[in-house]
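A.B. asks: As annotated in Swiss-Prot:
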ACT_SITE  CYS50  active site, nucleophile
BINDING   GLY192, ALA193, GLY194, SER195, MET196, SER197  NADP(+) binding site
COMPBIAS  550-569  compositional bias 'Basic and acidic residues'
REGION    546-569  region 'Disordered'
SITE      HIS99  site 'Important for activity'
Amino acid sequence: MSLLVVGLSHRSAPVSVLERATLTADAQVKLLQDTVAAEPATEAAVLATCNRIELYADVDKFHAGVAELSTLLAQHSGVGLEELTPYLYVHYEDRAVHHLFSVACGLDSMVVGEGQILGQIKDALATAQELHTAGRLLNDLFQQALRTGKRAHSETGIDRAGQSLVTFGLEQLSAGTAVEAWAKGKRALVIGAGSMSSLAAATLARAGVAEVVIANRTPDRAERLAQILTEGDDTDVLARAVPMDAVPAELTRADVAVSCTGATGLVLTAEAVAAAVEGRTGTPVAVREETPASAAGGLAPAGTDEGCPLDLSAVQGATGFSVMGEAAVAGMDAATLEQHAAWVDRGTVDRRDSRRTPEVEAELITALAATVAAGGRLPERRRPEPVVEAPRPAPALALLDLAMPRDIDAAVHRLLGVRLVDIESLAEASADAPMAADVDLVRRIVADEVAAFGAAQRAAHITPTVVALRTMAADVVANEIARLDGRLPGLDEKQRGEITQTVRRVVDKLLHAPTVRVKQLAAEPGGAGYADALRTLFDLDPETVAAVSRADDRDTSDSTENAKNRGRE
């Protein structure tokens, strides 16, 4: 086995790189074709999701394989090799198997334990089979990865730790409120009708939204999804389909929108979102910005700070207001001053420091020294009264962007009245998510399955050699029986049959123990050399061994094709 995987994912690359390194369906086909056409690779499969791109191949040379696969990924993803290389990871042989099995179990997902990846692995295998780029190794690998993932979900509680990306995103939008309570009665807009969008629509319907509107470039798919939602037994939701050009109008009615399309450009711009929520909160849509420093003194007016509970602009403009001595409290009662001090103390050091010039620091020190000289001690610092800040209003529109590259302009984050959760913010949130205790059990399952797969592959590697040995032994028996017929032409059929059976039994008994034992030894780590030893000891023709191996590959391919045909029926 010379399995190699080269890829990048949300764990190795920033979202800005991932969203540019996406592969369309056509690009995946071309990538697979170019990979098997390259010299080092004989098999290839690509696993491409919104959070990862991985190219699996059976290669005969490690270093040449890494170079070739990295170059092909760069060419077909549209990101230059120099820029892409720092974010690529490489796994080889058993480590590559361990990686895919971990991915299949959801251990490497952005949301640990999510089960959607199994469907994506199944699709990757189906594509490779359809293009005939998956041979025995990758067929066995991906099939066992699927079995491992299913075993992990059935034998452990990893599902309790794992959620779909949709569910996790909705939890982030609900901001601590139960999704069902948050979603109940809302109007939802789902942009796209693929697998992720369909899951989003179904999840929202089960959560209790009043209406789901599906917009898609292919009207039939949107209408079919709307029909499925309407006819579902577990939901009571109004669902309808609209064309993509109706999205701006529908967005003005929606309380929550989920977008996951394959578009290469933005589906929702910041301007479109701002227009959709204009007037919902009773005020024009504003942009969250840092208040710029005043040009005169380099300081923003005290009352203009975001979150400050007091407006000190009037006091600051009053005669006698300064930062020195008793004049500092002119026009301001003590409670007001301490409330403002409490707010300042809770602020960041950077903000406090940025508002102090050297002149201000000097005045403060002078004032403190004068107070100590007059009173003989430092003034006590009274505990300020807690400041009650007015709660911010709930956003008028909640947006969930699950596309890669992004569907919704990142500038929407800065719009007041709008809450946007995208892949980047999900990655940050998931980094702090607690791991379930069952994850350790899943890791043990992965380790067991990796060991079993390695043993099976090593045993399979020696099987053509054993078959060639038994074929050679059968040929020897046939030749010797033919020679016996020439020497003893008077033998009748019964005698000839008994002699033939006796010779075959002798040969089989002589070969049985060595061939069984050599398969056991070959299945152990480091057992790859036993096939070579067997070929050398019995002087087996390499071409005969290769012919047996090719025949096995054809049988595997035929079995796979028949299974696919039965699935279509």
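Each Cβ is built from the backbone N, Cα and C atoms, and glycine gets one as well.
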A.B. asks: Give the sequence-ordered set of same-chain residues, not counting GLY192, ALA193, GLY194, SER195, MET196, SER197, with Cβ within 8 Å of the centre of the Cβ atoms defining the NADP(+) site.
C.D. replies: VAL190, SER198, LEU199, ALA200, CYS260, THR261
A.B. asks: Could you find out if DSSP has SER197 (NADP(+) binding site) as helix, strand or coil?
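C.D. replies: DSSP call for SER197 (NADP(+) binding site): helix.
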A.B. asks: Note down the number of other Cβ atoms within 10 Å of the Cβ of the residue listed as 'active site, nucleophile', including every protein chain shown.
C.D. replies: 22
A.B. asks: Taking the Cα atoms as reference points, how far is HIS99 (site 'Important for activity') from SER197 (NADP(+) binding site) in Å?
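C.D. replies: Computed Cα spacing between HIS99 (site 'Important for activity') and SER197 (NADP(+) binding site) is 27 Å.
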A.B. asks: Would you please pick out, from the binding-site residues ALA193, MET196, the one with the fewest other Cβ atoms within 10 Å of its Cβ?
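C.D. replies: Across ALA193, MET196, these binding-site residues, the one with fewest Cβ atoms within 10 Å is MET196.
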A.B. asks: Return the single residue from the binding-site residues list (GLY192, GLY194) that has the minimum number of other CB atoms within 10 Å.
C.D. replies: GLY194
A.B. asks: Return the residues near SER197 (NADP(+) binding site) by Cβ distance under 8 Å, restricted to its own chain and a separation of at least 6 in sequence.
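C.D. replies: Non-local contacts for SER197 (NADP(+) binding site): VAL190, ILE191, ILE214, ASN216, LEU225, VAL258, SER259, CYS260, THR261.
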A.B. asks: Which residues does SER195 (NADP(+) binding site) neighbour through Cβ under 8 Å, counting only same-chain ones at least six apart?
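C.D. replies: When sequence neighbours closer than 6 are ignored, SER195 (NADP(+) binding site) has GLN116, GLY119 within Cβ distance under 8 Å.
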A.B. asks: Once the chains shown are all counted, how many other Cβ atoms turn up within 10 Å of the Cβ of HIS99 (site 'Important for activity')?
C.D. replies: 24
A.B. asks: Which secondary structure state does DSSP assign to GLY192 (NADP(+) binding site), in the simple three-class scheme?
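C.D. replies: It is coil.
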A.B. asks: Cα-Cα separation of the residue listed as 'active site, nucleophile' and ALA193 (NADP(+) binding site), in Å?
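C.D. replies: Checking the Cα atoms of the residue listed as 'active site, nucleophile' and ALA193 (NADP(+) binding site) gives a distance of 15 Å.
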